[in-house]
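Record features, source Swiss-Prot:
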type	residues	note
COMPBIAS	38-47	compositional bias 'Basic and acidic residues'
COMPBIAS	54-77	compositional bias 'Low complexity'
COMPBIAS	124-143	compositional bias 'Basic residues'
DISULFID	146-159	disulfide bond
DISULFID	154-170	disulfide bond
DISULFID	172-181	disulfide bond
DOMAIN	142-182	domain 'EGF-like'
CARBOHYD	30	N-linked glycosylation site
CARBOHYD	113	N-linked glycosylation site
CARBOHYD	119	N-linked glycosylation site
REGION	38-92	region 'Disordered'
REGION	108-143	region 'Disordered'
SIGNAL	1-19	signal peptide
TRANSMEM	199-221	transmembrane segment
């Protein structure tokens, strides 16, 4: 068999030079195109998907979903990394998270300054009076409620507080009685006054009856006299008539 004929050396060299030139030109074009479209290669959408460059889309490749956002231990960008460092530097305060964007923390009282602590220490501390068992408190005189709560309790009297009974009473004025001295007593007549009044009433009744009887007697007497006078006048007229009649008969 005959060996295949090899191309001449100048042709091979020219092909190699042309291929290297095309390769170098293709690399320069890819670098410039990738520099212009750099935001698309590294952008992430709001839902956590990575968007490929236009060169990849033009070549027919589809948008490939990327897995969930990287964990806090591996930040995806410089901004996220800065926030994570800030959260790490903050003091850990116990709290609870209501939402992804809201964090509720407990209120912590700020520490006192040295000046405030010195001012508080300069103030004299009040000494507690009385022993531990409170004997002196028991021996203290209790406040009189008549001076505060029951100041206007008694209407017509004076308020009195009885300590051993722990009760409030009223010392009423004359002619007043009751719990609050609000009732007034009326004066009652003695037996002598009542008997005198009875005697006076009897005398008045007797006098009135006597007056009435005398008036009746006087009236009856006057009526009788009038009747008698009238009767006597009629009798005299009858006598005169009889006398006249007798004289007439005698003449006839």
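Including glycine, each Cβ sits where the backbone N, Cα and C put it.
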* What does DSSP assign residue 172 (disulfide bond), in three states? -> strand
* To do: Specify the count of other C-beta atoms within 10 Å of the C-beta of residue 181 (disulfide bond).
  => 19
* Assigned conformation of residue 146 (disulfide bond) - DSSP reduced to three states -> helix
* Kindly assign residue 181 (disulfide bond) to one of the three DSSP-derived states: helix, strand or coil. => coil
